[in-house]
């Protein structure tokens, strides 16, 4: 497993070694020991989620507050997405900064988004299936959303006129969001 640092040090790309031949391929998609060594702490995943979306769908920017803050290990198993993490930790030197990574069934990369980040993605292919592990359970009461198009964050989304849920259309401005300390 190759671990790649992003512009935001706590957000990491995990790139598996893929062994292929005329029969197909094999890869180790997750290894707890390698993962914990890379992130520098013990992480216990408690839930796996799987979504399917069509081209142009944008989901985000989502996060949960304590005590239900979630770290996410995300990947795209069908198609391709542009995946984004926004640092919402007030005490961080990268507060308000974002990082974007293309994740696809072809590149098989995964992105680690720790607690204290808002997360979103948009679908670049005709359809995409998105799978992710979380280290905390979903909590409707602690769920929050930041407006995907907030000008103060200025994410360079590679889609025009995205398809959005009502929840994502009505996300909070970054300046009004609930941050992490």
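Even glycines carry a Cβ here, placed using N, Cα and C.
Just one of 97, 167 is listed by Swiss-Prot for the same substrate site as 23, 28, 47, 48, 49, 59, 72, 119, 143, and that one is 167. Here the candidates are the binding-site residues 23, 49, 143. The one whose C-alpha lies nearest to that of residue 132 (active site, proton donor) is 49. Residues 23, 28, 47, 48, 49, 59, 72, 119, 143, 167, recorded as binding substrate, reach a greatest CA to CA spacing of 44 Å.
Taking each of the recorded positions 23, 62, 72 in turn and counting other Cβ atoms within 10 Å of its Cβ gives the largest count for 72.
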